[in-house]
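Data block below; observations after.
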């Protein structure tokens with residue numbers, strides 16, 4: 001992504017000629033702004049704007065009008081620290097008010113946290129991204145969607161009910177963009193549609209006001225253009241000139257077209273209702289993601305065009321892999337940075353929950369062996385996540401020889417196990433409340449240029465109980481990947497840090513054996529790798545599960561370290577969680593195994609460096 005000052009939210013500030021679909025006799029102009037009835041710059045118009053002598057723009061109070069449509073007015077709200085909340089009163093008028101939907105008011109100095117929208121913009125974002133260094137008060141979100149049953153916000157709810165002193169800015173949202181510094185207003189004329197002043201061939205839309213009253217808007221029907229209100233001219237039918245159509249052909253096909261039209265209308269009605277439902281769901285999703293993005297200043301926001309360009313329009317040649325929840329593509333931004341972009345397969349609530357969860361968790365932790373979330377994108381109900389690119393794929397791909405590279409040496413396997421354990425231990429012990437990954441598996445362990453491991457895919461992760469509480473687990477429905485799932489968690493629905501320990505134990509067995517976790521070509525009692533490993537290790541038959549690819553380099557010291565790792569895996573795979581070690585204990589055991597195998601710390605790095613160099617000389621980086 002180019003280094004421009006917009007990595008969090010899309011800043012959209014328009015200054016252009018303003019027009020509306022409802023026409024009237026003549027128009028009024030204020031330098032750069034052209035308006036038509038019912039909008040104007042004098043008392044003779046129902047909805048009056050002022051004309052800025054400095055910019056030549058239409059303004060409402062002190063706020064510039066950016067756009068006027070058949071139903072809305074968009075105004076610019078520049079981010080300002082400690083702007084009095086009562087400044088918003090300028091946008092509550094007899095014929096206009098902020099829309100209840102697709103709007104979020106950003107406020108400061110609140111006595112209590114607003115419950116309607118759980119989002120908070122950190123001071124770091126305000127200071128660094130908006131260049132407002134003196135803005136010390138945190139910014140929170142006031143979502144107008146729950147304030148009233150009307151179509152517009154209530155001034156009393158915003159000014160008095162919010163308990164906030166300052167109005168920082170606003171956010172308006174559409175299906176394809178999130179706009180900071182922009183507020184959407186609804187407009188109307190007095191009276192209900194029953195007392196309409198709409199012209200012939202115009203439809204009336206009612207507007208429910210916050211005081212219980214009604215307003216209305218007039219719009220020319222589809223196929224008509226002109227003046228929707230009762231002023232001279234009215235709405236007239238649009239005339240399209242068509243050449244080369246014979247009159248008799250038109251008459252002959254008219255009957256057929258009428259029949260087809262009836263069928264089309266019925267089908268269109270069905271799909272339109274479904275589309276409305278989907279559109280409403282997308283709007284709800286967008287509002288949720290919007291708050292998450294606004295509340296996580298460490299997560300940049302990319303546009304869909306940037307994502308599309310980076311992946312070459314999601315070309316198959318850039319596809320890195322696909323899973324249950326989405327497809328991952330390799331991408332490259334203009335600054336030549338390589339990234340991995342996950343495109344979710346589904347747009348349902350479950351998928352969105354996982355996106356929100358991953359944004360929250362990855363933006364709150366940092367560790368060299370956790371994959372970094374570089375940004376995200378939301379376009380028309382479809383979320384995308386942008387990660388750092390891991391050129392050597394996944395641990396699973398190497399253990400299953402899917403990349404055409406030499407088998408991983410024992411030194412590399414042991415190093416990957418140690419790094420992965422360190423990352424999980426960090427999530428369990430260095431974060432409060434702890435984070436339980438819930439999907440530790442070899443395909444979620446990525447490898448960088450130097451084969452350092454990084455854990456990915458936090459969509460199923462959950463926060464544990466804070467260390468201030470004595471509870472050892474949380475109750476939740478089991479989720480994860482078959483073969484890696486803690487059997488006791490599956491039995492009693494109690495998730496704890498020991499659930500990740502079990503999954504990591506399965507990964508250790510994969511590292512030793514190179515076997516698939518679930519393999520139906522094995523005997524029935526050995527389909528599950530964990531069951532097979534527990535049986536063989538318990539009977540002292542570790543040699544039965546050692547990867548044949550390791551036979552060429554095996555020696556007494558290496559054989560001893562494999563046995564020690566197998567015994568550690570055996571403890572991790574205990575059915576009862578209380579019998580399993582903690583991740584901190586596992587990292588300590590792995591450190592001892594490394595020292596036994598390498599002899600010294602310096603020898604460890606020398607051996608790894610030599611192995612990595614040989615691999616990189618034989619096989620070019622992807």
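Note that the numbers count up from 1, one per residue, in the order the chain is shown.
Positions of Cβ are set from backbone N, Cα and C atoms, glycine also.
Residues annotated as active site, proton acceptor in Swiss-Prot: 439. A coil conformation is recorded for residue 439 (active site, proton acceptor) in the three-state DSSP classification, outside any helix or strand.
Annotation comment: Swiss-Prot describes 320, 321, 322, 323, 324, 325, 326, 327, 328, 342 as ATP binding site, evidence class sequence analysis.
The feature domain 'Protein kinase' is assigned by Swiss-Prot to 314-594.
Under the heading N-linked glycosylation site, Swiss-Prot lists 50 (among others), citing sequence analysis as support. Taking a C-beta cut-off of under 8 angstroms and a sequence separation of 6 or more, residue 50 (N-linked glycosylation site) has the following same-chain neighbours: 41, 58, 59, 60, 61.
Positions annotated as N-linked glycosylation site by Swiss-Prot: 114 (among others).
Residues or ranges marked as N-linked glycosylation site in Swiss-Prot: 131 (among others).
Shown in sequence order, the list is empty: the chain has no residue 6+ apart in sequence with a C-beta less than 8 angstroms from the C-beta of residue 160 (N-linked glycosylation site). According to Swiss-Prot, the feature N-linked glycosylation site maps to 160 (among others).
Sequence-distant neighbours of residue 195 (N-linked glycosylation site) (same chain, six or more apart, CB under 8 Å from its CB) are absent. If you look up Swiss-Prot, you'll see 195 (among others) marked as N-linked glycosylation site.
The signal peptide annotation in Swiss-Prot covers 1-21.
According to Swiss-Prot, the feature topological domain 'Extracellular' maps to 22-247, an assignment based on sequence analysis.
Annotated transmembrane segment per Swiss-Prot: 248-268, in sequence order, evidence recorded as sequence analysis.
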Inset, instruction - Give, as a single whole number between 0 and 100, the mean pLDDT over the domain 'Protein kinase' (314-594). - result: 87
Legend entry - Rounded Cα separation (Å) that holds between residue 320 (ATP binding site) and residue 439 (active site, proton acceptor): 20
Legend entry - CB contacts for residue 328 (ATP binding site) [other CB atoms within 10 A, all chains]: 19
Inset, instruction - Provide the number of Cβ atoms within 10 Å of the Cβ of residue 326 (ATP binding site), excluding the reference atom itself. - result: 22
